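Feature list (source: Swiss-Prot):
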- 1-56: topological domain 'Cytoplasmic' (TOPO_DOM)
- 78-84: topological domain 'Extracellular' (TOPO_DOM)
- 106-152: topological domain 'Cytoplasmic' (TOPO_DOM)
- 174-219: topological domain 'Extracellular' (TOPO_DOM)
- 241-282: topological domain 'Cytoplasmic' (TOPO_DOM)
- 304-314: topological domain 'Extracellular' (TOPO_DOM)
- 336-382: topological domain 'Cytoplasmic' (TOPO_DOM)
- 404-412: topological domain 'Extracellular' (TOPO_DOM)
- 57-77: transmembrane segment (TRANSMEM)
- 85-105: transmembrane segment (TRANSMEM)
- 153-173: transmembrane segment (TRANSMEM)
- 220-240: transmembrane segment (TRANSMEM)
- 283-303: transmembrane segment (TRANSMEM)
- 315-335: transmembrane segment (TRANSMEM)
- 383-403: transmembrane segment (TRANSMEM)
């Protein structure tokens, strides 16, 4: 009984602990560390760990890009010879996925200094004590973000390892269960190398290399998306807290100076959140654009593969790939929509709070805040695209146009 009570009290104490900022960033950090990368400077990083991560990162990138080049050569040769058209189009889906993953890794490593500044500013805004955190409802925001993240990376891990391990499982079933010693060796992804990879230990080397490359690419993609969504979730949390703080203020019961100080603090807080959104867009804008462009092509090519008739095992993997592409788009669009809604709520909160008895000068100043809040903060894929749930329908329309074109080319 004493042990159970101790366990329960330990759990209760754990719940009562303040939630650090790191809790929002831990999923992204785990995937970045798996490829030997740190997206931003950590406070307590040791020199030997940084050196080890650096060389791990170089090895992972060399392997990933070697696999990418071999896949590209396969596609060029297939198109040039006019053969293996279906395999080439399937490879284009994988190539698009790898190129975007490669680009995201490069983009985040290039923006490390700026990302460190954003995380530092969020750390300064983050309430530290349990009593301070209560009005922010941090536990609710963290649990919501965690659910999205776990489903997101869980689906993609199932996807990548379904592709990676399919032929290994096929080999084990045929060899050890069915006793079929003669069957064609296959790799997870079609590629070209200047030697016969299907004989000897070369096959195992190529298989492991493609598996490691696929996981590295996936880690770069997942980490970038989850890091961006974590930062957006934190900014949304602050917008919601600011709205509640404004609505709870009763103006006019104290001096004008007291109301003016409240307004100054509110405007400074609002401006800091707006600047954070701008920095997030500058860090992730190009990455977001590549996300949506590549997703449209992936949806198109995978949809094409599904309509031309495939084996049941290939069809299952294609459906999984298509589903993951859609999950990625919806997750980013959902967080972008929440940012728009939360930032627009500032103007509504200013209008709703008790300002009727306030000084005329105070009331005039409120108009400026409402006017600024009518221009909501948004996630932007550079200057070309404002992201929201409406963007998803635009993406699906674009994907269908590419699909119709590809289908026509195949029929003709």
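Glycine is no exception: its Cβ is also placed from the backbone N, Cα and C atoms.
Of the Cβ pairs linking the transmembrane segment (315-335) with the transmembrane segment (153-173) and spaced 6 or more residues apart, 3 or more are under 8 Å, so the two regions touch. Packing against the transmembrane segment (283-303) from elsewhere in the chain are residues 89-90, 92-93, 96-97, 99-100, 103-104, 107-108, 111, 114-115, 118, 224-225, 228, 318, 321-322, 325-326, 328-329, 332, 379-382, 384-385, 387, 391, 395-396, 398-400, 402-403, 406: each is 6 or more residues past its ends and has a CB under 8 Å from a CB in it. Using a Cβ-Cβ cut-off under 8 Å and counting only residues 6 or more beyond its ends in the same chain, the transmembrane segment (57-77) has close neighbours at 35-37, 87-88, 91-92, 94-95, 98-99, 101-102, 105, 189-193, 209-210, 212-214, 216-217. In the predicted model, residues of the topological domain 'Extracellular' (304-314) average a pLDDT of 70. If one looks beyond the transmembrane segment (85-105) by at least 6 residues along the same chain, the residues whose Cβ comes under 8 Å of a Cβ in the stretch are 35, 37, 61, 64-65, 67-68, 71-72, 74-75, 78-79, 189-190, 213, 216-218, 220-221, 224, 286-287, 290-291, 294, 297-298, 301-302, 304-305, 308, 321, 406, 410.
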